[in-house]
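Enquirer: Structure incoming, see below.
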Amino acid sequence: MTEETKNEVFHLEDAIKGIQNIPEHDPQDSLPVWKVLIDNYKIVGLSLFANLGGLMYGFDTMALSLCLSMTAFEQQFGQETASGYVIATWWQSVWNALSQIACMIGAWGIGKVSDTWGRRVCFILAGTVGMVGVAVLYIASNSRVFLAGKIVNGLALGMALATGQSYVSEIAPLRIRGILLSAYAFSMNLGLMISASVAFSRMNIMSSSAYKVLFAAGWAFPSLLLLLSWFIPESPHFLVQKGKKEAAQHVLEKISHNASDAPAILADIVRVHEHEEQMHNESKQAGFLDCFRGNNWRRTRIIIYCNGLTQMIGVTFQSNGPYFLTSAGMSSNNVGMIIEIGIAFSIASAIGTWFIIGVVGRRKIIMAGLVVSAMFYFLMGIAAIWSNSTALWTIGIALELTWWTMGPVAGPAMAIAGEVSQARLRAQSQSIGFAFNYFFSCVWNVVVPYMFNTDEGNLGGKMGWIFLATSLISVVIVYFEFPETKDRTYEELDELFERKIPARHFANYAQLSLRPE
């Protein structure tokens, strides 16, 4: 018997043993979701850690928009004009665009690192690079050095986000998988809120400490990511992929609610990887190319759509809200109130989504969020017909209300993105998804300032018509492309994609070979 044959027999025996230990029904299926979350507190804690990348991204996104509204920042990085200091639209676009391109490169490149050295190494790398990037932003005294800091920090954000979603999808139990994956939206919005809370108290300070304190606060997140990365366990999926099954079982015993469940969970992971490896060997495809061929292209396409949805509901416009409203004539105090209330709405909607995602599913929540987004942007577009203070307040309130849609759109979309890829391609699929996210963000970050800046497009509230259209287009895409993944195991999702079941029929399709008749 060859060594390869011995390994195959060993894998099969382990799988059979694991299957024998699997109860007919998971005891946690009958428990309330909150009880399942408490029972799996270790996994919840690890998921919160993995979403530090989302918190970093939210903080960084809002920080630049807030700095653009600070007089001290304008004096340092802008040019003096007859009406005061102004930062050129070109620099605003370049800072945003190249930061997003760096995020794209970081997300794309980290996939191979993740598959080779593991998720922990990627977190350590992201934390280290992030600390360097924030340091450069802190010491920057001209636009070019500031751009360098945005690029370095962008690389770290891409690494952290792509790795985080892969890690969560690989450790989360089925019952709470959607909640933990959708925590990305909560983390991002929490980062926005922290950034806004730090900045709005410093808007009227005329020294460089006004914005330097904001960047100094940003050091906390990559530092925490780097520190905690040394203590978290490696992903059991990665360990199985590398043939380290004993190490994988040890991890599962440490993080699972019941250590006795570890053999059954391990058998499930082994079975999924062996099935996908067999398909991989039969097709003789390798690496990233797998993600763009056959049924995997459909999965990758869904992940790409999921990562683009936040831009379709105007997240770049929302994050530029402080500068947009200030340039339109609203006082900084009123702008601060509107933005902070808007972000609070977003956090509340993200938390609310956790309680219904396991009941309603992903598709319906996303569709509802997109329709509501379209309604608020329609209100903004109508208000833009007039040019008075009432219209400006209506535009500001409409922009504030659009934050409500971030939770129901971004959270479930990121849950689907983390669920639909094949297990062996998960790290690379997430890298592709986040790379597209940042490419798409780059486009919007270049275009949006030109749309609303008074010396360029000067669209003002007419921006509402643009995002009304993109929200409605997204409704159509979600209906035809997004599958319902609620209560589906990764094996079941593999089979549904192999059978080419239409996305809108995933929820009700029951004729699976993996399910008993």
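Along the chain as shown, residues are numbered 1 onward.
Every residue gets a Cβ built from N, Cα and C, even glycine.
These came from TrEMBL, pasted as-is:
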- 46-486: domain 'Major facilitator superfamily (MFS) profile' (DOMAIN)
- 48-73: transmembrane segment (TRANSMEM)
- 122-140: transmembrane segment (TRANSMEM)
- 146-168: transmembrane segment (TRANSMEM)
- 180-201: transmembrane segment (TRANSMEM)
- 213-232: transmembrane segment (TRANSMEM)
- 337-358: transmembrane segment (TRANSMEM)
- 365-386: transmembrane segment (TRANSMEM)
- 392-411: transmembrane segment (TRANSMEM)
- 432-452: transmembrane segment (TRANSMEM)
- 464-482: transmembrane segment (TRANSMEM)
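A description of the local structural setting of each listed feature is requested, covering burial, neighbours and distances.
Expert: Taking Cβ pairs closer than 8 Å, the transmembrane segment (48-73) reaches residues 85, 87, 92, 95-96, 99, 103, 123, 126, 130, 150, 153, 156-157, 159-161, 163-165, 167-168, 183-196, 199-200, 202-211, 214-215, 217-218, 221-222, 224-225, 228, 232, 319-323, 326, 332, 335 in its own chain, all 6 or more past its ends.
Beyond the ends of the transmembrane segment (213-232), by six or more residues, the same chain brings 46, 49, 52-53, 55-56, 59-60, 63, 66-67, 120, 123-124, 126-131, 133-135, 137-138, 156, 160, 191, 194-195, 198-199, 202 to within a C-beta distance below 8 angstroms of the stretch.
Beyond its flanks by at least six residues, the transmembrane segment (365-386) meets 309, 312-314, 353, 356-357, 394-395, 398-399, 401-402, 404-405, 407-409, 411-413, 459-468, 471-472, 474-475, 478-479, 482 of its own chain at Cβ-Cβ distances under 8 Å.
Below 8 angstroms of C-beta separation, residues 181-186, 188-189, 309-310, 313-315, 317-318, 321, 324-325, 328-330, 334-335, 338-339, 341-343, 345-354, 357, 365-366, 368-370, 372-373, 376-377, 379-380, 383-384, 460-461, 464, 467 of the same chain, each at least six residues beyond the ends of the transmembrane segment (392-411), sit close to that stretch.
Remote same-chain residues near the transmembrane segment (432-452) are listed as 89, 92-93, 96-105, 107-108, 111, 154, 158, 161-162, 165, 288, 291, 300, 303-304, 306-308, 310-311, 316-317, 320, 324, 327, 417, 458-460, 463, 466 (criterion: CB distance under 8 Å, separation of at least six residues from the stretch ends).
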Enquirer: If you count Cβ pairs under 8 Å, which stretch among 122-140, 146-168, 180-201, 464-482 touches the transmembrane segment (337-358) the most?
Expert: 180-201
